[in-house]
Amino acid sequence: YKLSVAPEMDIMEYCRKEWRGSTPVAKRMRKGYEAVAQKFASIRRVRGDNYCALRATLFQALSQATQLPSWLQSEDFAMLPENLLRKYDWIKQWQLKQKRGRKMGEISDEIKECAILLRQKWKNISEIKDPIEKQEACDKLFKNEEEEYSVYEALKFLMLNTAIKLYNDDKNGRRVPVFSWLLFARDTSSDPCQLMHNHLNHIGHSGGLEQVEMFLLAYALQYTIQVYRLYKYSTDEFITLYPNDPEEDWPVVTLITEDDRHYNIPVRMCQETVL
């Protein structure tokens with residue numbers, strides 16, 4: 001099995017290997033990596049196959065998990081696929097990885113299995129106290145292709161559920177975050193059904209997550225995703241938060257990107273930062 005998240009490497013060593021030239025872009029990237037290296041000692045490369053935003057975010061969340069998030073604790077969590085399918089017939093066209101054309105019953109059962117697997121993995125990993133053991137358990141999950149892709153299916157479905165809630169809240173005159181308007185202002189996702197067909201069904205197959213979908217992922221997980229966007233070094237957007245006005249009690253995960261398409265993971269916070 002190939003590990004989807006490569007072993008640690010010194011962050012500046014990685015930068016020197018990747019960005020040797022003297023072009024303005026290479027110089028900016030080096031400056032960006034130097035800034036990240038003030039806070040983190042190492043980097044782990046994430047396999048780039050259109051799942052990398054989900055992979056990097058989930059890997060970071062599980063690596064530091066000490067408890068099950070409240071949304072995973074609820075009784076209804078495993079029933080979510082069934083309940084949504086009962087209300088929204090169009091969800092039958094949800095596209096599971098490498099498996100097309102299923103009957104309705106099957107699709108809700110399959111997503112339910114994915115959801116239960118996500119909860120079980122999160123619970124098991126969060127209960128491990130020893131940091132080395134915890135890391136080994138994470139690595140093990142991200143080496144097992146079948147399980148790994150199943151938990152992404154659960155995450156994508158969670159994003160759909162969150163989008164449906166936001167869409168309905170807005171329609172019923174409740175306050176919604178700004179990104180929700182942007183999400184549904186696109187020609188390709190004017191409602192959750194279109195969002196599923198044109199975006200969520202393609203994640204991992206023919207496309208990754210767009211900027212506005214990073215907000216949706218953060219809301220679905222109830223995590224703040226902090227991203228060092230290296231090509232934006234020396235601008236206000238160098239460190240971007242999804243959402244930009246996070247809830248105070250949401251845990252934070254940190255990612256690195258050079259282009260807003262592929263994400264890697266910074267690890268090992270430098271001592272002075274931890275203090």
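Every residue, even glycine, has its Cβ placed from backbone N, Cα and C.
Annotated active site per TrEMBL: ASP49 (among others), in sequence order. For ASP49 (active site), applying a Cβ distance below 8 Å and a minimum sequence separation of six or more within one chain yields GLY204.
For CYS52 (active site, nucleophile), the same-chain residues 6+ apart in sequence whose C-beta sits under 8 angstroms from its C-beta are VAL46, GLY208, HIS262, TYR263. Residues or ranges marked as active site, nucleophile by TrEMBL: CYS52.
Every protein chain considered, the tally of other Cβ atoms within 10 Å of the Cβ of GLU237 (site 'Linear diubiquitin binding') stands at 11. Taken from TrEMBL, the feature site 'Linear diubiquitin binding' applies to GLU237.
As annotated by TrEMBL, active site applies to HIS262 (among others).
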